[in-house]
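Engineer: Mind looking over this structure? Questions follow.
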Amino acid sequence: MSGPSDYQPSNPALQWIERRLPIFGLMHSSFVAYPTPRNLNYWWTFGAILSFMLGIQILTGVILAMHYTPHADLAFKSVELIVRDVNYGWLLRNMHAVGASMFFVAVYVHMFRGLYYGSYKEPREVLWILGVIIYLLMMATGFMGYVLPWGQMSFWGATVITNLFSAIPYFGESIVTLLWGGYSVGNPTLNRFFSLHYLLPFLIAGVVVLHVWALHVAGQNNPDGVEPKSEKDTVLFTPHATIKDMFGVACFMLLYAWFIFYMPNYLGDADNYIPANPGVTPPHIVPEWYYLPFYAILRSIPNKLAGVIAMFGAIIILCFLPWLDAAKTKSSKYRPLAKQFFWIFVVVCILLGYLGAQPPEGIYVVAGRVLTVCYFAYFLIVLPLLSRIEKPRPVPNSISDAVLAKTGSRSTPMVSTAIVLALAGSLFAGSVDSAKASEGSDQPPGNKWSFSGPFGKFDRGALQRGLKVYKEVCASCHGLSYVAFRNLAEPGGPGYSVAQAAAFASEYKLKDGPNDAGDMFERAGRPADYFPSPFPNEQAARAANGGAAPPDLSLITKARSYKRGFPWFVFDFFSQYQEQGPDYVSAVLQGFDDHVPEGVTIPEGSYYNKYFPGHAIKMPKPLSDGQVTYDDGSPATVAQYAKDVTTFLMWTAEPHMEARKRLGFQVFVFLILFAGLMYFTKKKVWADSH
Amino acid sequence: MNPDASTIAAGAPIEVDLSPVAEGQDIKVFWRGKPIYISHRTKKQIDEARGVNVASLPDPETDEARVKSGHDQWLVVIGICTHLGCIPIAHEGNYDGFFCPCHGSQYDSSGRIRQGPAPANLPVPPYQFVSDTKIQIG
Ligand code: FES
């Protein structure tokens, strides 16, 4: 995209087109012959990674939109049906949901890289500002996408974020009404968010084109921050940069696949598996992780309007970065002070993110205020000041000099590493304290589940026994409305034959109609029918159960969780622990106790349960020894019942779990081979350039 | 992109019968998709609401101005936190009123903001008494 090219395709047909529309020349000069600095490191592959992620998001998104229903009453269910019934729907959904997070991981790395190497400085100001615009568009897109599944967090996230605009004086309220299309967040809101969520990615793609154009006019920055002067300073984009980017993308895909196949819910919130309910706010509203630093800034300011201004200001300030930091030396490699402050700033951002996920009380509020000040101080005080007082080290004459002198200069990172470690250590210590403080509430004990880990499979016997427990005990109050009888015969399930599932279905009497005479009638269940719910609607369920409606159990093991706290959530990433839900469900089933400990008062009509939040549960003790008879000789104890029914409910929550883990293994084998291949190809291509 | 005709039509006034609400209790009804809290306040709650120095409040308003005279025991407010729109929980917090779980705003027994990031009192929706035990909201 940099000026006319003298490239001529050899094929006459292509020549014919080229004379009328010089598109091949454009491609050739932008992505083949384009000179790229030869000293770029792997942080520069994130541009390619981001383009790749944008492509993936648009592709999976378009297919998902073919199956999704944007209606307040149907959206939640339609997402569940995508996951359960659409071919590879679970894969598409995981790719899209995790993909949003990965997109932000990559964009944050990309932005911090720009910050560190001064990529926003003369002559790249417009390039940088276009990047900030892309980032803003991404945030809007991500937020609206999160609303579409219409779970509790979707709904309340939408409520909180749209209400931010009500802080604007005079016009605030009317802007909010305009966003909602009604008097509160509701069906019109969902519809317009769907429309905009489909539109914005294409706007992003458009701005990306401008971003790349500006990049190719100004040329890429590089780790040494000196502009290329001669042929010796650059290499051709293809094959050098292309193959390096491919290797970068392959490595990034390994991380991406880890989440898709092994921890799809790690980055999400359990509350979003509860359908939206405008009458109940979840006790603790958290946005998606990538907004957390800004959410922390919002909350740390006790005034509504000021909080909103600070939050948006924290992003807008990035646009002014090229003028706030007036230092002539671009790369922090040659700026000893700037380098250290950069790492402090990274830690401040991470800590703000951590605080954004904590309840707004006590020490967290104070820490949030301190860090908010640090965040703004970096831009408004540190950077302008440094550009005046700092004495940078001399920069190399040219890129090729820098490449040749690629020794030494390895000692300075020590200081910043020490700072990072100290801060991480204090965070660790702080969270251990808070973990101690919260020990009063009982953590469910961990269990050994057959389905945990990368090769986990459901225990067929447990699934069949669990189904029996559900049918004989739980089903009198709890529905299982996303599960159809036909699912019982599907691979990865309890392992019944189609005939057995049909026979199981025919034991149920279902209401159908109206028939030709306009009457409702009863008929035997068919495999295509769903498990009938015990109550006609939520009101009836409430009335029959003393005010608390028994929740539907289809998703219960994914919709319940408990807090893991700081060091644990890091370990969980590596150990693939994600059985909080099952652990909690089985603990609640066994946590009943007639003997109420001192200091706990249980209101009339509730029962004491050790693991239920608040300890007062409306459900009476459901299971007792010997209540359900097992034909296979398994012990008829509460512990065994709890284990079996929880396994069964894990299957109902994710019927394709075995397929997910199986495919995950294959994908990993492929990706590792592919990344290795790319690595050695890259070595070969670059052999004479180092 | 403003609300369409059917949305506006569905936002017509509603009538609520107050006779089943005992003293100290409250009910939540929905009007225009918004939760409306109707509380039957106790003597203690009314006294607390009237006892404070109005000028010291973040959003000064007397309790008398927030209820209908002659029906002082009834408080009718829109149960949407004026901070960022969560639903406060009734009978919680330090002021015998409402507590918002999202960012910790606390409202008193007259629905006035007392503590936390919310800038304003819980709004009172337009309503009138059609009889002693029935109100019309809207
Ligand atoms: S929404 Fe109630 S305190 Fe923020």
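Heads up, the Cβ atoms here are built off N, Cα and C, so glycines get one too.
Bear in mind that the values here come from a model prediction, so they are computed numbers and not experimental data.
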Engineer: Select one of A:Met520, A:Met619: the residue that TrEMBL places in the heme c site alongside A:Cys474, A:Cys477, A:His478.
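Structural biologist: Given A:Cys474, A:Cys477, A:His478 bind heme c in TrEMBL, the matching entry from A:Met520, A:Met619 is A:Met619.
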Engineer: Below 8 angstroms Cβ to Cβ, which residues of this chain, lying six or more residues outside the transmembrane segment (A:126-148), approach it?
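Structural biologist: Residues 68, 70, 75, 79, 96, 100, 103-104, 107, 110-111, 114, 119-120, 154-155, 157-158, 161, 189-190, 193-194, 196-197, 200-201, 203-204, 207-208, 210-211, 214-215, 218, 287-288, 290-291, 315, 318-319, 321-322 contact the transmembrane segment (A:126-148) from elsewhere in the chain.
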Engineer: Looking only at residues six or more beyond either end of the transmembrane segment (A:305-324), which have a C-beta under 8 A from one in the stretch?
Structural biologist: 111, 115, 120-122, 124-125, 128-129, 132, 135-136, 139, 164, 167-169, 293-295, 297-299, 372, 375-376, 379-380, 383-384
Engineer: Pick from A:Cys474, A:Cys477, A:Met619: which of these binding-site residues has the biggest number of other Cβ atoms within 10 Å of its Cβ?
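Structural biologist: Top count of Cβ atoms within 10 Å goes to A:Cys474.
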Engineer: In sequence order, which residues at least six apart in the same chain have a CB under 8 Å from the CB of A:His478 (heme c binding site)?
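Structural biologist: A:Tyr470, A:Pro534, A:Pro550, A:Pro551, A:Asp552, A:Leu553 - these are the non-local Cβ neighbours of A:His478 (heme c binding site), listed in sequence order.
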Engineer: Given the cut-off of 8 Å on Cβ pairs that are 6 or more apart in sequence, determine whether the transmembrane segment (A:363-386) and the transmembrane segment (A:663-681) share at least 3 such pairs.
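Structural biologist: Stretch pair does not touch.
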Engineer: With Cβ-Cβ distances below 8 Å as the criterion, list the same-chain residues six or more beyond the ends of the transmembrane segment (A:246-263) that contact it, or say none.
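Structural biologist: Hits for the transmembrane segment (A:246-263): 42, 45-46, 48-49, 52, 91, 94-95, 98-99, 101-102, 105-106, 454, 572-573, 576, 578, 660-661, 663-665, 667-668, 671-672, 674-675, 678-679, 681-682.
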Engineer: Below 8 angstroms Cβ to Cβ, which residues of this chain, lying six or more residues outside the transmembrane segment (A:663-681), approach it?
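Structural biologist: Contacts with the transmembrane segment (A:663-681): 91, 243, 246-247, 250-251, 253-254, 257, 260-262, 454-455.
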Engineer: Apart from A:Cys474, A:Cys477, A:His478, A:Met619, which residues in this chain have a Cβ no more than 8 Å from the mean position of the Cβ atoms of those residues at the heme c site?
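Structural biologist: Near the heme c site, the remaining chain residues are A:Val473, A:Ala475, A:Ser476, A:Pro550, A:Leu553, A:Pro622.
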Engineer: Where ligand 1 binds, which of the binding-site residues A:Cys474, A:Cys477, A:His478, A:Met619 are close by, with Cβ under 6 Å?
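Structural biologist: Cβ < 6 Å from ligand 1: none of the binding-site residues.
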Engineer: Tally the residues of the domain 'Cytochrome c' (A:461-593) by DSSP class, grouping H, G and I as helix, E and B as strand, and everything else as coil.
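Structural biologist: Tallying H, G and I as helix, E and B as strand, the rest coil: 61 helix, 11 strand, 61 coil.
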